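Enquirer: So Swiss-Prot lists these for the protein:
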type	residues	note
DOMAIN	3-148	domain 'Toprim'
SITE	H33	site 'Interaction with DNA'
DOMAIN	164-581	domain 'Topo IA-type catalytic'
SITE	R174	site 'Interaction with DNA'
SITE	R175	site 'Interaction with DNA'
SITE	D178	site 'Interaction with DNA'
SITE	W190	site 'Interaction with DNA'
REGION	198-203	region 'Interaction with DNA'
SITE	R327	site 'Interaction with DNA'
SITE	R513	site 'Interaction with DNA'
Amino acid sequence: MSKSLVIVESPAKAKTINKYLGSQYVVKSSVGHIRDLPTVGSSTGEKAKPISTKGMDAEEKAKIKAEKERNALVKRMGIDPYHDWKANYQILPGKEKVVSELKSLAKKADHIYLATDLDREGEAIAWHLREVIGGNDDRFSRVVFNEITKNAIKQAFEKPEQLNMDRVNAQQTRRFLDRVVGFMVSPLLWKKVARGLSAGRVQSVAVKLLVEREREIKAFQPEEYWEVAVLTNNQNKQAIRLDVTDYKGKKFDPKNQKEAQSAVDFLNVSDYVVTDLETKPTSSRPRAPFITSTLQQTASTRLGFGVKKTMMLAQRLYEAGYITYMRTDSTNLSQDALNMARTYIENHFGAQYLPEKPNFYSSKENAQEAHEAIRPSDIRALPESLEGMEKDAVRLYDLIWCQFLACQMPPAQYDSSTLTVTAGDYTLKAKGRILRFDGWTKVLPQIGKNPEDQELPSVTVSEKLALKEVQPTQHFTKPPARFTEAALVKELEKRGIGRPSTYAAIISTIQERGYVRTENRRFYAEKMGEIVTDRLNESFGELMNYDFTANMEDTLDKIASGSVNWKTELNQFFKDFSSQLSKAELDELEGGMRPNSLVETDIKCPTCGRNMAIRTASTGVFLGCTGYALPPKERCKTTINLIPEAELLNVLDESSETKALMDRKRCTKCGTAMDSYVIDAHRKIHICGNNPNCDGYLIEEGSFKIKGYDGPVVECDKCGADMHLKLGRFGKYMGCTNCDNTRKILKNGEVAPPKEEPVHFPELKCEKSDAYFVLRDGASGVFMSAHNFPKSRETRPVKIAELVQYRERLPEKLAYLADAPQKDPEENEAIVRFSRKEKKQYVTSEKEGKATKWIVDFTNGKWVERKK
């Protein structure tokens, strides 16, 4: 009897689904996308035959050249916007084996179920699978489920659907738009600004947000202000701290020490009389169940997870069947989910924690209500009971579990008190709050202490308080806060830029391109990021407009719902975009994109005597001779490195940013904070932070010490030279002063051990591609990974039996592993694991994918079984 074939996109998901389907189904994974538009540099078809231009005039030759360049561009992009958006999809490298297996299984199957994820990306994967496998469309059915549970899968297979081509076309539209912008604008940036630059339809808009915030911070001028607090005692000698809030009926707002001291002098001799004590009930409602953006934000603030890590862990939890689908913008909960939560609350917390009716939360206008919020698949699966999940995945599940319960619990109830005291013309206040009923905070306590969470001492109206001390405090206004990953996601969501499925990719891409970087989990715009943003803003105003980008997301939603035609929208976009691109490609004098400008200075070139200019490259700011613009034979290539005078503003913590801004010189032309660099022992240059848009700079002469390197030093394991601490786009690392060797800085601040050359095992083939395994030794011990990483990212633990078989290939430091037992007492294969706590490798085993309790340690030169 033939079986039905079920195709999903991940092995973990296939493993979970397989537990719930009967023997009449064969469940296989496509391991993500199986085909895509061509990668850069891939060859597609035969090369076009050259066209002879002999005898043609200049206009005809230019026309032939333009046609040739256009055809080459279309070939690289893999889509042809000039001919009805014809796409050249190709099987992804390394996926040939997967495709061959799926085709073979499909031939034998009586029906094929495409069970990829329920979002547009999942719909597109399903469509690509159907297109590649081929055959009658009637053989294919689409099944979707919001959670990988027995009941959800049963319902999905009872009511299979057809592929939704509107959703597929929405995904293709997004892909084509991004492809066009990236492939057609990036070469322009290479030509006009600097080689190696790139642009993205949504990513460039996200960078714009960060650049604007960077400039707000640099332009910000801190202003002084003072606060005055008064420490008093009531008649029972209980301490009460009062803040001065008003003076003569207006807000108390001293701008300097003189104004503050005037108040202090009066308050030191004044009487303090209680004039009012108001107590009223207040409450704190629970937040809605998680959607993608709020999960990312809360995981960042409560757990310290980055957006990418949060989504990776959520994906694993979903594929293991523990939570519902993690890419959603809907706060909707099914009736079954509500019943599950309410039953659990009543049984485990009591009736007082159960509202009369379920709590409902509104979703944003374009949210897909068919989707649910992120919640546990089964509330009875407690965090500590999860099997096969790493520690951080369990922590994330615990957060989701608690938020789901909290959202269906009553508000926390407080008694909030405000004490008002007068001292002459001054009004002082103290606030307190007492928790009367914890409500939802029973399962999800609020983080951070509220300064009002105190019980005010007992006082009566007209009571006089005894003065203990008057405390004036100087403050300075703070610049706008820098974006964290979580805050940036919140801002993107608020502006309607991107969707739940794209936030993580946007955050990752803008960091990888080098236009921004993160330090202490906060974003800093690099100078090149500012320049590229300016050029794109000037030449592609509509593309960089926040509202236009948000409206395009709405258009994609309309395509997905079948309201508008996808190619009509693509054609309209391309028409407008092509017009802007043509203008941008012109010379600057004709209205084209401005080149990467320089700022000429009075500093003379030490080689030719011409003026030096402030230039910006991807690596930073430097001085370059203006003679570089001359013809090759006369060209002067002299450059001078600029050494930052001290730690730059962008490596300081947020609390220090105000002081740093105050200490920096201000540009006399635009008022922006200046960056200071040492040129040599006798000169320093202060450059406007808004360079090159502002040509302000200042030369300071004197005697300056060029600070040498005084950081940590380790010996290079390749050449023996010193390795120094450096800062790159992905954070701190150790770099050799002599060769190109680098070493990571671990999360605990230690320098990672030297990188060992991988040991190749061509005999050990990967399961997911045609690659073979190599043995790598990293910061977390040894492991097997594909030899062509990162093209193939397949990894697995090292088996002792393999090390024994190929002992002669092992480096001396790893030879001891080959002496470990090859199997446990139950004949399960022994594998190598690494203990982060003890920082050493040990041997254990697995049975049916789960770790056994058998552990062997290497102690005193021999392998010893650990006592249970």
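Glycine is treated like the rest: Cβ placed from N, Cα and C.
Quick one: how deep are these features, and who are their neighbours?
Expert: Mean pLDDT of the predicted structure over the domain 'Toprim' (3-148): 88.
Within 10 Å of the C-beta atom of H33 (site 'Interaction with DNA') sit 17 other C-beta atoms, taking all shown protein chains into account.
Look at R174 (site 'Interaction with DNA'): DSSP puts it in a helix.
Around the Cβ of R175 (site 'Interaction with DNA'), a 10 Å sphere holds 17 further Cβ atoms from the protein chains shown.
Summarising the environment of D178 (site 'Interaction with DNA'), the number of other Cβ atoms within 10 Å of its Cβ, over all protein chains shown, is 15.
When Cβ atoms from all protein chains are considered, those within 10 Å of W190 (site 'Interaction with DNA') total 13, not counting its own.
Across the region 'Interaction with DNA' (198-203), DSSP helix (H, G, I), strand (E, B) and coil residues number 1 helix, 0 strand, 5 coil.
Annotation note: R327 (site 'Interaction with DNA') sits in a coil segment as assigned by DSSP. Here the Cβ of R327 (site 'Interaction with DNA') has 24 other Cβ atoms within 10 Å, regardless of which shown protein chain they belong to.
Within 10 Å of the C-beta of R513 (site 'Interaction with DNA') there are 22 other C-beta atoms, taking all protein chains into account. R513 (site 'Interaction with DNA') falls within neither a helix nor a strand when secondary structure is assigned with DSSP, and so counts as coil.
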Enquirer: When you scan the chain for residues with a C-beta under 8 Å from the region 'Interaction with DNA' (198-203), skipping those not six or more beyond its ends, what do you find?
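Expert: Beyond its ends, the region 'Interaction with DNA' (198-203) has Cβ neighbours at 177-178, 181-182, 185-186, 189, 497-498, 502, 506, 509-510, 513, 532, 536, 543, 549, 552.
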Enquirer: What's the CA-CA gap between R174 (site 'Interaction with DNA') and H33 (site 'Interaction with DNA') in angstrom, rounded?
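Expert: Between the Cα atoms of R174 (site 'Interaction with DNA') and H33 (site 'Interaction with DNA'), the distance comes to 16 Å.
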Enquirer: Under the DSSP assignment, what numbers of helix, strand and coil residues are found in the domain 'Toprim' (3-148)?
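Expert: Split into helix, strand and coil, the domain 'Toprim' (3-148) gives 58 helix, 24 strand, 64 coil.
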Enquirer: Between W190 (site 'Interaction with DNA') and R513 (site 'Interaction with DNA'), what C-alpha distance do you get in Å?
Expert: 14
Enquirer: Do me a favour and check the Cα-Cα span between R327 (site 'Interaction with DNA') and H33 (site 'Interaction with DNA'); whole Å is fine.
Expert: 17
